[in-house]
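**Student:** Checked TrEMBL, it gives:
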REGION    72-98  region 'Disordered'
REGION    136-177  region 'Disordered'
COMPBIAS  141-153  compositional bias 'Gly residues'
COMPBIAS  154-166  compositional bias 'Low complexity'
TRANSMEM  240-261  transmembrane segment
TRANSMEM  294-321  transmembrane segment
TRANSMEM  342-367  transmembrane segment
TRANSMEM  373-394  transmembrane segment
DOMAIN    374-593  domain 'Fatty acid desaturase'
TRANSMEM  484-502  transmembrane segment
Amino acid sequence: MLSSLLQSRAKPLAEVGTARLLSTAAQQGEAAARSSRGLRRFFAALVPIGLMAAWFEWEHLRSVKEMAERDAAAESAGQAPPPHANIHGGITSHGVPIDPANPLHKVLPETECEFCLETRETLWGMVKAMKHEKKAAGSSGSTGGAAGGGGGLPAAPAHAAAAAPAAPRPAERGLDRDGGEIYKALQRRPEALKSRAPTARVFNSSGVRAPAAAAAAASSPRLADTRLGDLFLRLLPGQLYYLPALLYPLVSLAAGLGAAYGPSLAARLAALPFVKALGPVSPLLRTLATTQPWSALLCVLGSLLTAQFAFLAMPVLDVLLGRDLRQPTQEEEAAVAGAQGLLYRGVLFAYVPLHLGMLLGMCHILSTTPTLPLAFVGATLSAAVAGGPLFAAAHELVHGPSWFDRLAANVLLLVVGYPHWAESHLAHHVKVATPEDPSSARRGEPLYTFVSRSVWGNFVDGYGAEARRLQKRGIPLTSRQNRMWWWVGGPLALSAAAYVIYGWKGLVFWVGQALLSVLMLETVNYVEHYGLQRQKGPDGRYERVAAQHSWNTSFLFTNAVSFRLQRHADHHIHGTRPFQLLRDVPEAPQLPFSYPVAMMLATVPPL
């Protein structure tokens, strides 16, 4: 009896103990997995920090080397080395005054590195400038409110405000107790230093890396007409401003993945810890990924990711970031004429392999993975929408100064089956805004009529120009120097390769993205010169190309993606001017919205 009693008591206790052991083991395993994920995220976060630290250290070492070289040059000339700036004051060799009151000097180590000192002054100057702008906005708002309450004048329109003279800077109003002295010091530059042209480590108002004296003198005006836009331009100065253009191939590749793996990607997203923490979002994603027709809808929406980015996200970003107010100066033009121009062209060159890789990746994904027909069409359309930045980059490279620019342009144009456009576009610059120009839309002409006329006209202009070149130089048509063979054979060879490797799906994708990319180009052409005509003089010659013959707009984000294509009037007036130096010409007709919005409206002829 005692034995049976002990057994009856021991059995539940053993079961409870076993359950606890199993629970503890499961919890330990889950804790270990959480720890492993946390470590992976931690080390992943260290990567950008490490890259930033490496860049900062490289700039620091370069600055120290420059200082040593200047000292050595002075000593070899029998002169005393120039005094070094430090946290206690002085002026760097680039003309940047160091303020001893900068609080960053108190929390960071003492140094004579000019790069470190200039970076501290730039950061502190930006903080003070934002503080003074906020205070000035508050004071002007209260003044405006008082005027409005007393029946004052109505507010000026936005364009009048942009054209009005800039308000006095905080330093000029004597706000020394709020940091005006530091702000004033950042604006002061000795006259003698303005003629110097060393490479600076700060960026000026138009985003071109230039001498620090000119940069600081131009840093006081607003860079954009919204605070977000101003912040965007300060965070992405110089060449970095055009990095959003490189997003297009990546977004398009994501669209291809969405078309093929939309439901599985949604299921994986739902399993992420931070998504689970969002409450009903994770179960909703799992439901969409596992039930029809929602999983099919996910594939279709994912395949249209680039179109959504171009025609939904970009117009919203243009409204939020506003217009670019920067205008290049002579100092910036001189800086771009040197090594800096190569850095800007480097962004164009970087676009070429990215776009080629995107097309190859999408062709492989869509041809080797079962996809819905609608998702296949959507992904092809996404690849074609990326043809917008492709033609913008090719457009700049066509006008480039070197053979390598033209080679890169030909590669881009080859993959969209429009290589003769490199030649016909030069004819467009001669005939722009005339009835003879196929790329200038006439007033009242629908988009679809214009596209057929423009495609044929560009074909005639391109091949006609090449035929005249061959005739002038006495080159036979059968010669390898006849570019028409490459213009015809290149796209055919690429299409044949797509068919041989991936079959009919590969061929349909490749030809489809090329045709739709050309449609994107011609839609932009339609917007750029719609209804604008040059007048013919008594001598039968057309007037010179001027600002009034191109539609302009300065919305900030689209200009970054299109390499300032929207400053189109200045491009036609100065055809060889680099894209980063294009000006916003006030005399040019201005669109009230960005090019993507105009393109959407153009597809509906009544609008």
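Including glycine, each Cβ sits where the backbone N, Cα and C put it.
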**Student:** Can you name the far-off residues of the same chain, 6+ from the ends of the transmembrane segment (342-367), with a Cβ under 8 Å from a Cβ of it?
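**Tutor:** For the transmembrane segment (342-367), the sequence-distant neighbours (Cβ-Cβ under 8 Å, at least 6 residues beyond its ends) are 209, 238-239, 242-243, 245-246, 248-250, 252-253, 255-257, 259-260, 336, 376, 379-380, 383, 386, 389-390, 393, 396-397, 400, 405, 408, 411-412, 415, 498, 502-503, 505-506, 509-510, 513, 563, 578-580.
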**Student:** Using DSSP, break the region 'Disordered' (72-98) down into helix, strand and coil residues and give each count.
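**Tutor:** Split into helix, strand and coil, the region 'Disordered' (72-98) gives 5 helix, 4 strand, 18 coil.
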**Student:** Let me know the model's mean pLDDT on the domain 'Fatty acid desaturase' (374-593).
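**Tutor:** The predicted confidence over the domain 'Fatty acid desaturase' (374-593), as a mean pLDDT, is 92.
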